[in-house]
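What Swiss-Prot records for 300-554 is domain 'Glutamine amidotransferase type-1'. The annotation active site, for GATase activity is assigned in Swiss-Prot to CYS399, HIS526, GLU528 on the grounds of similarity to another entry. What Swiss-Prot records for SER571, SER575 is phosphoserine, and it gives experimental evidence as the kind of evidence.
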Amino acid sequence: MKYILVTGGVISGIGKGIIASSVGTILKSCGLHVTAIKIDPYINIDAGTFSPYEHGEVFVLDDGGEVDLDLGNYERFLDIRLTKDNNLTTGKIYQSVINKERRGDYLGKTVQVVPHITDAIQEWVMRQAKIPVDDDDVEPQVCVIELGGTVGDIESMPFVEAFRQFQFKVKRENFCNIHVSLVPQPSATGEQKTKPTQNSVRELRGLGLSPDLIMCRCSTPLDNSVKEKISMFCHVEPEQVICVHDVSSIYRVPLLLEDQGVVGYFCRRLNLPIENRPRKMLAKWKEMSDRSDRLLEQCSIALVGKYTKFSDSYASVIKALEHSALAISHKLEVKYVDSADLEPSMLQEEPVKYHEAWQKLCSSDGILVPGGFGVRGTEGKIQAINWARKQKKPFLGVCLGMQLAVCEFARNMLDWTDANSTEFDPETKHPVVIDMPEHNPGQMGGTMRLGKRRTIFKNKSSILRKLYGDVDYVEERHRHRFEVNPELKHHFEEKGFRFVGQDVEGERMEVIEMDDHPYFVGVQYHPEFTSRPIKPSPPYLGLLLAAAGRLQSYLQKGCRLSPRDAYSDRSGSSSPDLEIADLKLRSIAQE
């Protein structure tokens, strides 16, 4: 087993997750089996109770693990499926050690950070690195480990010490360290500054770890003189200083690393068994990146939510939209609409915000209401859903978005004016969305219906069923405490509001569709968590196809061809450039 530790310096949030994912991608393209571990030095057991404003979205895994959004990057880049133990937190380690102490496993010894906490970290990493994450169920050969935060943080000290010991335990030829550092370029001088990187590397060395590769995050490519300066003062060869400058798309980062000889360095440093053969996987990434830069037609989606000021709150949703837009060769424009600004009360309080929000919504090609929690902004989301239904605008509701679509229909089509979710109005006379029996209201963490669950399609004419490939069931990831009230189901279906997907027992409503609407779909699960750059999520793909006016032609062709082949229902034909791009992508996919 080979271990690659990715650490960061100067500031957090400079792209360690993307770099770690990109390293894994180029190694996987060489035929190696790669896994990934993310270490978060916070005391929380998991990310389940985080505010989206605090830490971005909570990513959900197949086993129900609520983890850091970086694990979403690993899964998307590497096309793997991780488990909750691939996200290691200080809370998990301390909980494990304390439980052992309570059981008497330490035989009366004084339990300390060194050696007990550090040993537990090393054991966890070695154990988890062996768990297969690919579909072929083969034990990984390389484990990429990302240490969150920055070197020198008091929270990460036990982990740094653990890896200082770990490098000797597994031997030098099986362990290397990538250090990601910022090279700022002040606008006043325009000169790239190396001092922060020098100080960061010095601090890392003082803690017992020496970087094998220094990856420099910068806005523009590094000058040779700057690279030589970092090489000299940080005691590494010039080839070990890698420039990771800003690029047009994150999908170009693996190509950027490949061009600078990172694979060759790993071959020599870790004695990796890499064959000298064409890398078809990277060829796909290059084609995808090139195509994303050439897109001309644009499609706009209004994302109506309550966390719109912080894009990381909807990281996977945005990625799923990007994957689908790229699949139909359209440039994506996401219009963030704060749902609270759509509420009638805003017309009196802040009319400018109110009109701007409605202008964004009405000028969009499609509307998406993603998941969320809490009552704030829910009435605005219902207003947006009402407009999408009446104006026959393509709509996708995810989790809470589906539940609010049920509320909107009940209020306006069933004349249940007080219809609501018991989450927001426990005393409503028409509880169309109710608390699930297994939900424990006295505890917040880990009390939801989580992880991969099966959804059975009950209707063969379902649009979503066709988009999934005309299958009988799908398995997608869930994260919710409330569900549609099954006792009221028949009232909706009499009015053309169909529950076309249910759980295995037939008790929980999973998918809704509406008759006489080009695309009005709601899903209780979160399809964005399983979307991949080359395999977009079907519900999101359907939204983009409908928004671009291509859904009907795609469905008429049996959903077997690339969606880019579906001519526009609005214009009647596709451009020759798109047809050429389609032909190229299909030839690569067939390889």
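Along the chain as shown, residues are numbered 1 onward.
Positions of Cβ are set from backbone N, Cα and C atoms, glycine also.
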CB neighbours within 10 A of CYS399 (active site, for GATase activity), counting all protein chains shown, number 21
Restricted to the domain 'Glutamine amidotransferase type-1' (300-554), the mean pLDDT of the model is 90
Within 10 angstroms of the C-beta of GLU528 (active site, for GATase activity), the count of other C-beta atoms across all shown chains comes to 28
Cα of GLU528 (active site, for GATase activity) to Cα of CYS399 (active site, for GATase activity), in Å and rounded, measures 11
Under a three-state DSSP reduction, the secondary structure at GLU528 (active site, for GATase activity) is helix
Rounded Cα distance in angstrom between CYS399 (active site, for GATase activity) and HIS526 (active site, for GATase activity) is 7
Within the same chain, the residues at least 6 apart in sequence whose Cβ is under 8 angstroms from that of HIS526 (active site, for GATase activity) are VAL60, SER316, GLY371, VAL398, CYS399, GLU476, ARG477, HIS478, ARG479
